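Per TrEMBL, the features are:
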- 109, 173: substrate binding site (BINDING)
- 173, 209: Mg(2+) binding site (BINDING)
- 48-277: domain 'HpcH/HpaI aldolase/citrate lyase' (DOMAIN)
- 1-25: signal peptide (SIGNAL)
């Protein structure tokens, strides 16, 4: 209800063509540097489009510098056949040192805890000089899975010096995972605060595995997934985590992708998974604030600072009363705009 109320108020304050945008959480980069006594805060990294590239396909990996997605995921899991898993992790370890990711987040998705492959994926990938910014782990169903992930992460990174914490993003892809989501996030937050190695800062909704698990059939409008998607957003935002929406599997249907992306942004998702480079532009536009929105947010923050300096709390801005919740919305908009360089 709070988000809906914020959206309505912003819609009143903004031009009618502007769509409200909600942003949370931060992520960053890890590299081969000697750390100080504590790890510095990482820069905010947007994840509007999360693009998967099969880790065993060197030809596709070599195109990474041209893709332009916020988040590029070199995949060891679903995008790789069972008999190519070893090749995928070895290829990623080699390519991660050679590829220029530009402004894109450098991510590796390892195999799930129950696969028996996760530890070796991490061990091989982490032997590269250039560490990934983020590790994504699929099919997280419980705090026990989380404990196993963190144990393996610490074990395989124990000889490495980290300039920043490594970001960790968890996939929820089953009924059990969704039921346990609050406990998973609560434990992840506690462990992240105590660790100098990792920080859990995002969730991903694995819709197709989720549908298979509950016996649902995917529909065009996705109504069978509404509850799960709303719960993902609600729990993620309660713990200040980014949350990435489901794949639009018909990669040629760009209009359907646009509609689904805008709907996801309105629901509170911070980004969307994509499976083809042609989807990147549509998705990133849908999850970006419009220039008018950025101007509104910037002006509101300036007005707030002026009123605070004079000792005022709630105040009127462009004919409407403004208080702290709407100020937070404005700050989130500006944070994303600065990260993606919208002015």
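Quick reminder: no glycine exception, Cβ is built from N, Cα and C everywhere.
What you are looking at is a predicted structure, and each value in this text was computed from that prediction instead of being measured.
Distribution of TrEMBL features across the structure.
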{"residue": "109", "record": "substrate binding site", "Cβ within 10 Å": "28"}
{"residue": "173", "record": "substrate binding site", "Cβ within 10 Å": "24"}
{"residue": "209", "record": "Mg(2+) binding site", "Cβ within 10 Å": "17"}
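Here the Cα atom of residue 109 (substrate binding site) is found 16 Å from that of residue 209 (Mg(2+) binding site). Here the domain 'HpcH/HpaI aldolase/citrate lyase' (48-277) has a mean pLDDT of 97 out of 100. Calculated from their C-alpha atoms, the gap between residue 173 (substrate binding site) and residue 209 (Mg(2+) binding site) amounts to 5 Å.
In the three-state DSSP classification, residue 209 (Mg(2+) binding site) falls within a helix.
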